[in-house]
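Visitor: Just passing along the structure, written as structure tokens.
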Amino acid sequence: MENSEGVKIESTVVTEEPLISALDIALFVVIITVAYFWYFKRDKQSSSSEKKPYTIQPSSLSSIEQTSNSSFIKKLKSTGRSLVVFYGSQTGTAEEFAGRIAKEGARYKMKGMVADPEECDMADLVEMKEIQKSLAIFCIATYGEGDPTDNAMDFYEWLQNGDADLEGLNYAVFGLGNKTYEHYNEIAIYIDQRLEELGATRVHEIGLGDDDANIEDDFVSWKEKLWESVCSHYGIEETGEESNIRQYKLVDCSEVLPERIFSGEISRLKSYENQRFPFDVKNPYLSKIAVNRELHKSGDRSCMHIEFDIDGSKMRYDTGDHVAVYPKNSSELVDKIGELLNADLDAVFSLLNTDEESSKKHPFPCPCTYRTALTYYLDITSNPRTHIMKELIEYASDPKDQEKLKLMASSTPEGKKEFHEWILRDNRNIVHILEDLPSVKPDLDHLCELLPRLQCRYYSISSSPKVYPKSIHITAVLVNYTTSTNRVNKGVVTNLLAQLIPTNDELPQPTIPIYIRRSQFRLPPKSQTPIIMIGPGTGLAPFRGFIQERDYARKEGREIGEMVLYFGCRKKDEDFIYENELQEYVANGTLTKLHLAFSRDQPEKKYVTHLLEQNADELWNIIGEKSGHLYVCGDARSMAKDVHSIIVKVVMEKGQMTNSQALNYVKKMEQQKRYSADVWS
């Protein structure tokens, strides 16, 4: 350092350079010049904007519109409304419930609007007190393992991190959940409590809907008591008006040019012809079916191994993620609706929201044909809810049909019983209802307004991107069953996939829209961490990806931890899926142990839960002594619950803990992501 400084000083003395060199002067001139132009250019722009105060560039207009649209308070005030119903929805049910509440508000002199919290500035809740007799209702679903829905995430985080003063806000909450999951209605419960903590007034107690039982019944019962509480709180009376008010009006679009008509796209017109990255829920990727093969060796059931080609899509996935597959209804059912209603399915139409202030102008992409709407946008195979029964009453010309619909639409014990038996137990969809009540002839456009949106289906990805970076694999059981009315009901997506068989010739390969949904179902960060995987039936799917990834690491020379798999099916010779693959992984050492349960290969049924109970020492060795990870995939209703009980029991016995201590131990495992579940009901 000293030598360096000495050299520099010596050089200065010898050359006797001036204090300011030519280079310094040049740099100074450049800086002054840049500053001059920057200042006067900005000043010129400023002057220009002052001279043209009403000239707004397109980008600025978009920004202003977005800010304006996000203020639900302004909309409430400008339209004389006092009721706003927010929804947190992943499948559309919460949004549907929100719409029904907002619509009923008119009966109680409360003009309402539906709002998506993702599109609103939720900080405006502090201003609700400025609107006389105002009320905010939240229809909130809990998604996955106790998570908010995508569109409610920002609102949830705002409540968590903020401390807004919500005194003067009147509210009520209805939650949508499923009791087969551990975190039943967790998000709705949190929102209900947090709003009260921030000073808001609860007008009616929280409602908890259970989708594993009858969420429609839960909602209707809560809604009736809600309005009683509202009337009491505000000192108002029901008007008694029961008229069915249309939310959308029919627009004839027969003159619209063909290139402006939607033909099945989810959001953007012609999006399947002109694909643009990134791909998501509103912009799915049209993937080719690369492989579609049968996994079952015999028997009357079918399980498909399907590979989606994503080469060139820029899509990336991680092991354990889900793929969403967009369905379409069978042409047979669609044609049947056209026949029953004597309707022209190829007529082009649009449904336009009668509420001009609503951000949702159409219930689905419009304009389109009725055939397109019934094929791609509307759910015609699920059990209709009671409000549809109510709306169909006016279209029944036979008094018997009318009385039956009135009964099922009512909330009386007899009405609930009839709805449960005739709709739910007998598994009737809208086509069956129109067949069995022949005098019911609704206007097709009204029916399109009433039916819920057709939702994509999610499948666990059964491949690893390390091994298959250009394709996504799924494992899907074909759904076909006969109802008590002797009708054959078919799974919408699986029956569609069963028809999409790739060819070996030069014909165009079959395609289907997909996108990737991220998951928290992940392998441990370290490949040396031991894991236990429990996945009977198609619950094996994500573990096939796990095993592939660990096998890839082993082949790279990395150390991998123990991998223990519990798999079960009915019969070894019928539905032991991926048998050869699994045996090969055992042979090469990637899969440490493979525990198999074939439930019907012996007189007494044998399940994976029986094997878990028999292998308590092995379980504790991995999750207790070696701090390994445990994964469960499959049926939430029974299997996952039984596994949880067994794990708690093993921790108690082998870890020498009390029941309370064991429950806390397992809870901590879940918090540390050492106990993960990917389950469905």
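Just so you know, glycine gets a Cβ as well, placed from its N, Cα and C.
Grabbed the feature section from TrEMBL, which reads as follows:
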type	residues	note
BINDING	89-94, 141-144, 176-185, ASP211	FMN binding site
BINDING	ARG301, THR538, SER599, ARG600, LYS605, LYS606, TYR607, VAL608, THR609, ASP642	NADP(+) binding site
BINDING	ARG457, TYR458, TYR459, SER460, THR475, ALA476, VAL477, TYR481, GLY491, VAL492, VAL493, THR494, TRP680	FAD binding site
DOMAIN	83-227	domain 'Flavodoxin-like'
DOMAIN	282-524	domain 'FAD-binding FR-type'
TRANSMEM	20-39	transmembrane segment
Visitor: How many whole Å apart are the CA atoms of ASN178 (FMN binding site) and VAL477 (FAD binding site)?
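Guide: Spelling it out, the Cα of ASN178 (FMN binding site) and the Cα of VAL477 (FAD binding site) are 23 Å apart.
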Visitor: Enter the number of other CB atoms within 10 angstroms of the CB of ALA141 (FMN binding site).
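Guide: Other Cβ atoms found within 10 Å: 30.
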Visitor: Counting only residues 6+ away in sequence within the same chain, which have a CB under 8 Å from the CB of ARG457 (FAD binding site)?
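Guide: Residues satisfying the criterion: ALA324, VAL325, PRO327, VAL492, VAL493.
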Visitor: Based on the record's binding annotation for NADP(+) (ARG301, THR538, SER599, ARG600, LYS605, LYS606, TYR607, VAL608, THR609, ASP642), what whole-number value in Å is the widest Cα to Cα distance?
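Guide: Spelled out: the longest distance between any two Cα atoms in ARG301, THR538, SER599, ARG600, LYS605, LYS606, TYR607, VAL608, THR609, ASP642 is 26 Å.
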Visitor: I need the CA-to-CA distance for TYR459 (FAD binding site) versus TYR607 (NADP(+) binding site), whole Å please.
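Guide: That comes out at 23 Å between the alpha carbons.
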Visitor: Going by DSSP assignments with H, G and I as helix and E and B as strand, what are the residue counts for the domain 'Flavodoxin-like' (83-227)?
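Guide: Counts, helix then strand then coil: 65 helix, 35 strand, 45 coil.
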Visitor: Just how spread out is the FAD site if you go by the largest Cα to Cα distance in Å among ARG457, TYR458, TYR459, SER460, THR475, ALA476, VAL477, TYR481, GLY491, VAL492, VAL493, THR494, TRP680?
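Guide: If we measure all Cα pairs in ARG457, TYR458, TYR459, SER460, THR475, ALA476, VAL477, TYR481, GLY491, VAL492, VAL493, THR494, TRP680, the largest is 23 Å.
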Visitor: List the residues of the same chain that sit at least 6 positions away from THR609 (NADP(+) binding site) in sequence and have their Cβ under 8 Å from its Cβ, in sequence order, or write 'none'.
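Guide: Non-local contacts for THR609 (NADP(+) binding site): MET639, ASP642, VAL643, ILE646.
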Visitor: Can you tell which of the binding-site residues ARG301, THR475, TRP680 lies nearest to GLY144 (FMN binding site) in space, using Cα positions?
Guide: TRP680
Visitor: Just how many other Cβ atoms lie inside 10 Å of the Cβ on SER599 (NADP(+) binding site)?
Guide: 16
Visitor: Residues with Cβ closer than 8 Å to the Cβ of TYR181 (FMN binding site), same chain and 6+ apart in sequence?
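Guide: For TYR181 (FMN binding site), the qualifying residues are THR142, GLU145, GLY146, ALA636, VAL679, SER681.
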Visitor: Measure from the Cα of VAL477 (FAD binding site) to the Cα of every one of the binding-site residues SER89, LYS605, TYR607, then give the nearest.
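Guide: That would be TYR607, nearest by Cα distance.
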Visitor: What are the sequence-distant neighbours of GLY92 (FMN binding site), meaning same chain, six or more residues apart, C-beta distance under 8 angstroms?
Guide: PRO452, ARG453, GLN455
Visitor: Restricting to the same chain and to sequence separations of six or more, state which residues have a Cβ under 8 Å from that of TYR184 (FMN binding site).
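Guide: In sequence order, THR142, GLY177, ASN178, LEU208, ASP210 meet the Cβ cut-off.
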Visitor: If you draw a 10 Å sphere around the Cβ of ARG301 (NADP(+) binding site), how many other Cβ atoms fall inside it, taking every protein chain shown into account?
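Guide: A 10 Å sphere around the Cβ of ARG301 (NADP(+) binding site) contains 13 other Cβ atoms.
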Visitor: Counting only residues 6+ apart in the same chain, whose Cβ is under 8 Å from the Cβ of LYS605 (NADP(+) binding site)?
Guide: SER599
Visitor: Within 10 Å of the Cβ of TYR459 (FAD binding site), how many other Cβ atoms can you find? Include all protein chains, please.
Guide: 24
